[in-house]
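Participant: Below are the structure tokens for one structure; questions will follow.
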Amino acid sequence: MDLSRRRMRLYLEFLLFISLFQVLFIGPAVIAQTTNDGLRQRHSEGYCAMYDICGNRSDGKVLNCPYGSQAVKPDELLSSKIQSLCPTITGNVCCTEAQFATLRTQVQQAIPFLVGCPACLRNFLNLFCELSCSPNQSLFINVTSVAKVKNNLTVDGIDFYITDAFGEGLYESCKDVKFGTMNTRALEFIGSGAKNFKEWFAFIGRQAGLNLPGSPYAIQFQPTAPESSGMKPMNVSTYSCGDVSLGCSCGDCPSSPVCSNTAPPLSHKGATCSVRIGFLKAKCVDLSLAILYVVLVSMFFGWGLFHWTRKRSRSFRMKPFLSTADGGASHSISRQNAENLPMQRLEDANQSSTGVQLSFVQGYISNFYRKYGLWVARNPTLVLSLSVGMILLLCLGLIHFKVETRPEKLWVGPGSKAAEEKRFFDSHLAPFYRIQQLILATIPDALHDKSPSIVTEENIKLLFEIQKRIDGIRANYSGSMISFTDICMKPMGQDCATQSVIQYFKMDPSYDADDRLEHVKYCFQHYTSADSCMSAFKAPLDPSTVLGGFSGSNYSEASAFIVTYPVNNALDKEGNETQKAVAWEKAFIQLAKDELLPMVQSKNLTFSFSSESSIEEELKRESTADAITILVLLGLSGVLLVMLSVLGSVGFFSAIGVKSTLIIMEVIPFLVLAVGVDNMCILVHAVKRQPLDLPLEGRISNALVEVGPSITLASLSEVLAFAVGSFIPMPACRVFSMFAALAVLLDFLLQVTAFVSLIVFDFLRAEGRRVDCFPCIKVASTDAGSKKGVGGRKPGLLARYMKEVHAPILNIWGVKLLVVSAFVAFALASIALSTRTEPGLDQKIVLPRDSYLQGYFNNVSEYLRIGPPLYFVVKNYNYSSDSIDTSQLCSISQCNSDSLLNEIARASLTPESSYIAKPAASWLDDFLVWISPEAFGCCRKFTNGSYCPPDDQPPCCAANDSPCGLSAACKDCTTCFHHSDLHSGRPSAAQFKEKLPWFLNALPSADCSKGGHGAYTSSVELKGYENGVIQASSFRTYHTPLNKQIDYVNSLRAARQFTSRVSDSLKMEIFPYSVFYMFFEQYLDIWRTALINLTIAIGAVFIVCLVITCSLWSSAIILLVLAMIVVDLMGVMAILGIQLNAVSVVNLVMSVGIAVEFCVHITHAFSVSSGSKDERVKEALGTMGSSVFSGITLTKLVGVLVLCFSRTEVFVVYYFQMYLALVLLGFLHGLVFLPVVLSMFGPPSRCVQVEKQEGRPPVSTQP
């Protein structure tokens, strides 16, 4: 799209230059004669085939005479002029001074294209010098037809005999020469993209009609002459582009020996290690893990068999002794277990003979909860009032509630290197323009599954109608009406640089074209050379920027039109210029929805569209899209405390100025519901397990003592894991983690305060025989009710299943081996699968499912054939003649072979690894060519020293379409420099400083295509350049088409590696910049970020467990299970195709905290149970298994399942799918794998024998 920044109006006139280039190229015939009678041609040395001028065309171009006169000796002045341009022409010549002046005037159009490669330029000039002025012209030129113009005969056709060796040498020296301004080969402009010298010659010799580019007569290039004619082909020596004396740069001559010795660019892609086994090809990591699994399973089964055999033998020998000695104790323990007495309470029971030896921290927490439980039970109203009041105080911060929807503020960290580079680029050069885009595409044929071509007459008319609607948009901004022309990008200061197929018609529906379809197809092939195909903004329009869905260069097969509207951007995002653009963009989107969409669809075409502000506007709409879902389901759930904790968290951060995000608004309520309600269920179950003979405050106190430490451990682990997520650099995820951590903390505090108070009130209601939900209504007392009371139920069905069915099955030795083998297998498989997880975050997922941008992003991936612009930015370029910076940057002759631009050109030869599509457009190369004495039509000055434009620009030429001749206004203009004024062809610091502004303000034209205005206006920062240092400059190229998220990540990585290598080599500060870099920078080290944060989170949970339990054994088992859950979750991500990004990293980190609940309660119950390990597992599952399943698993499922109703794919993929997988994995590990591990490798019991205490008073029942 940067092609629009170039005014190339008369590149196409190069073909007209061909017709004037040689004075023998004659205008249209009035009377054509196909015989040579009367021409009296003589084909011998020293004779001409054409000499002097015999007329003019109707457009003013001169016509030569077909007379075979003898070559003439020129005067000394003319001879020196001819020698300066044609050093191979000596002695007599076949051209007059007027003919040579015409030759010199026209040749200057080609020089700017080729002057960067002296060998190519020399060969090219030799071709036309020999053709125009050679003294032996008649030996290789034969006039085959003539025409009469004003009674004078003029040449109408010739045969040009030239050897294939010369043609091959000419083409080989020029085929790779770049025209930097357009990021393409020079042959695209002066040879119509010729693939060999024969095609180039055919292009030059093609006959064209009046006022059309090309030769006005047929030129037949022949390799051999008839033997009887006495003629012989022209065979002047050619120069190789690798010639030392006329050497070209590596970018213009990759085959040069100097360049071939340069190391190729390093690929960022490392070789993938793989092993082939028969017909199977496996990755090395997969094979290694498979071998490791076989070894581990073999060792484990061997150990298991040995242990089982040894245990069975010992059991057989000790059975009689165990039956008599331990029967009483076992009976006592089982009887106590049957009564469901909590182990902590055994310390207080006078009849108990065993107790629990708690760690110091656990003992302190238990004592705290014992006293706290008594106090809450006695003061429920005060506790409830204080806790709710504190939360409501935090909610006052909601008055400052704001939602952040700007993408750069959501997904880019403040310390981002790419963000810093973007700020530098925007402030020193120019902000990248705003893009509005339409994509029209044909519908694939159902039978052949191939889309038909969209290039039809009817569809071109449709584009004109769409453009008419776009031009009619008027957006209201502060009372003024804004149109597209008010905000569009105008590189030449007049016309908008709209990228559309109708630019081939000058954006004019009344453009005179006999056949629009044929005209468009013609322009697809000749867009660089045909004046009729030039855009309205005076620059060539590359078809690949306005067409899509084609292969190679088969533009006519394109199945999509791509219309792009570049709009000026501004640094101040809140300023008037930006707000004007945003106002217009909103009107543009509304027009596309209301009018353009149905209009295009009625033509049986698909239609997608986007504006620069579309993503931000869709995020704003998304933030309220699921509000009804949130409110209704939370209201139905009745979990008021969860809502209060979320509101308190949002209120607190809003008060301190932290903006909320859509993730917070939609996910945190359900997430807190999932991680918070389970603790409430565990508390209720614990209270119900207490014996009814205790008073209510005793039951509350004992329940808190029983489950308080494990709830505290689980909650602190969750808060810590969420808090670790705040170290993620992506703002949206960091803010989400902060909000979630505080919400979970507040929810835990409300659980042990307000919820415990509500439990007290509920039990008082039940004991007062009041109806639930209607406490004012009492019911009659019954004996059964008074005896049984609240909480006096027998163990439920789930508890009995866990103790009597689930636990016995897991205690079977064979089942244990299978369980461990299966879980280890899945863990190792998950490690292998996780290596296939790609980094990235598909932007389609972030948007609502019904967003119009969904179709747009699909079409961008499918149809675009050119990638995003890529800029290589150079800081502090020292342009003084004493510095070597110029040679280290440029790519023309005398530049270093390893210069920046040569390295870019070399990297573009391997686009599959470098992701660089083409060589860079170089303002420096074009500037050095522009001031070169060879480009005598470019840098010129008046006698007073001021800038003189080329002869085809005002004031040298009238500002209209009339032909330009020699103007009196510019007849005294001279070139800026002679060769003697430059040092080795390079300007001094003073000359550079003086002429650089001239170059950047010079308009390109046919006489000098190297003018920098438009193409390079924003490529160089002139602020402070007078000191000899240019603080910032850029060189533009393009990435290859990027269709996947991994392509964007790899392209950024490749560009960073490239510039790092070149910067180190050149000792210059260079960085790459593209508009998408700051959004994808995080993925360069996303694996490192993920592993570090997971390590910190798991390590933090391990430390918390170790501090509270003071058991390295228990903490290590919890650590193992947590690590396996996280690894398995990463494997599920690979299976589901979930990408690794900041959102999924936060989820993985938080899964550590959530998974703790599945482990810590079972582990704690196991550690405070007595008996053998199998018995303790059975007791732990009987006591806490049902709570883990119903209070944790089911409640989390309810909270997570709600997210599947979200209208936004990001919540379905990254929250519903990931958290559903987490809940299922946590359930399986907590209730299947963990019990098996504990039964085999569990820590010793904390139960110890204690002496009977007679005088210990019972728990008081008084308030």
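From the backbone N, Cα and C atoms, a Cβ is placed for every residue, glycine too.
Taken from TrEMBL, the feature domain 'SSD' applies to 595-761. Annotation source TrEMBL lists signal peptide at 1-32. For 287-309, 381-401, 630-655, 667-687, 735-761, 812-834, 1090-1109, 1115-1138, 1145-1167, 1187-1206, 1218-1241, the entry in TrEMBL reads transmembrane segment.
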Participant: Mind checking which residues reach the transmembrane segment (1218-1241)? Cβ under 8 Å, same chain, six or more beyond either end.
Facilitator: 671, 674, 806-807, 810-811, 815-816, 819-820, 823, 1117, 1120-1121, 1124-1125, 1128-1129, 1132-1133, 1136, 1138, 1144, 1147, 1151, 1154-1155, 1157-1159, 1162-1163, 1166, 1173-1174, 1176-1177, 1180-1181, 1185, 1188-1189, 1192-1193, 1196-1197, 1200-1201, 1203
Participant: What else in the chain is close to the transmembrane segment (381-401), if you only count residues 6 or more beyond its ends and a Cβ gap under 8 Å?
Facilitator: 375, 644-645, 647-657, 660, 746, 749-750, 753-754, 756-758
Participant: Cβ pairs under 8 Å only, please: of the recorded stretches 812-834, 1115-1138, 1187-1206, which one is richest in them relative to the transmembrane segment (287-309)?
Facilitator: 812-834
Participant: Checking distant contacts: for the transmembrane segment (812-834), what same-chain residues at least six beyond its ends satisfy Cβ-Cβ under 8 A?
Facilitator: 283, 285-286, 289-290, 292-293, 296-297, 300-301, 304, 308, 1124, 1127-1135, 1228-1229, 1232-1233, 1236-1237, 1239-1240
Participant: On average, what pLDDT score does this prediction assign to the domain 'SSD' (595-761)?
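Facilitator: The average pLDDT of the model in the domain 'SSD' (595-761) works out to 78.
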